[in-house]
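Residues or ranges marked as domain 'Acyltransferase 3' in TrEMBL: 6-316. The transmembrane segment annotation in TrEMBL covers 12-32, 38-57, 69-86, 101-120, 132-150, 162-179, 191-210, 216-238, 259-278, 298-322.
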Amino acid sequence: MTQRLEYIDQLKGLAMLLVVIGHIIVFCGLGYDNIFIRNITMMNMPLFFFLNGLVISEKMSLKGLLRKTCQLLLPFFSWGILMTLYRNSTFLDFLFNYWKYGYWYLLVLLEFFIAQVGLNNINLLINKKKRWWIDVLVFLLLYQTLRFSARFISDEISVLIDYWQFVAYFPYFFLGAFIKRHFLIDKMLTCGNLIITLILLFLLPLYMLWYNEMYISIVQMVLPINIFLLLFMIFGLFSVEYNQSSKHRGVKIVMKINAILSMIGKHTLSIYMMQFFLFRFINLETLFSLLYEGHNYFAIFFISALIAILICYLCMLGEWILMKSQLLSFLFFGKNM
């Protein structure tokens, strides 16, 4: 695997860990109304969708899109049915649940792939020279159309197709696809120190505006972009500057952490789908409430991170077992039979 794909896997692993940490805090500890969830949800899913946009194939054919549809819809329905049984619910309850019991991510990701293929085909007609500003104008036109069209879509349909999640996260997916389409990764890494400096200059003011809920609609979109671009630059520059032969102790420690993140990043589908079955067996409400009241925020995050890593490895073990069967790997992970 190339360095570039390796550090993208590392970032996927980081995003996945943040997702699991957030779910531990929500389902096993403090619920939704706390500083952790507000900060984690501000970045984890935007980072996920940005990274998926970064690896989308610009020349995805209809056959490729159908294959991607199978890879995403099969796990969506298979795990959805299992979760429905697990919750003693009905399949209609699953489909019309706003978050699809947590599995909305796969459906929205598929919608992004379909939308991006549509954008690519439009660009083939009107933007063969790949002028960046035309790409941006086409996206802005589509995005505003999506927001305007929301008033004509019933609540039931918008929940069924996860319309509002699509609208909320599509800019991040598009940004990743835009960077790939215009071959900007190498250029960004070449100017890495300058870009990091500029991001840091804007990061604190943006965070303070977001934290105090000022200009929230604009800041809420721009702040995550600043954060995950900063992470992208740091991980990317590290992979370029250092290699496995480095003997510096600090570098070796970072590489070991990156190896764990990379492993998690290569198994995000199984971790994302299986994690929800484990939270019922974890109860940290009393412990986390005491720590939260005592402002021991680091302890809460550290405990959550350790449990999240354990959950990730348990999910990878579950994937390894299911992958022994061609039928189960097809149904639950969309693998070819």
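Cβ coordinates are placed from backbone N, Cα and C, and glycine is handled just like the others.
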Interface-richest range of 12-32, 69-86, 259-278, 298-322 toward the transmembrane segment (101-120), CB pairs under 8 Å: 69-86
Average pLDDT across the domain 'Acyltransferase 3' (6-316), rounded to a whole number: 89
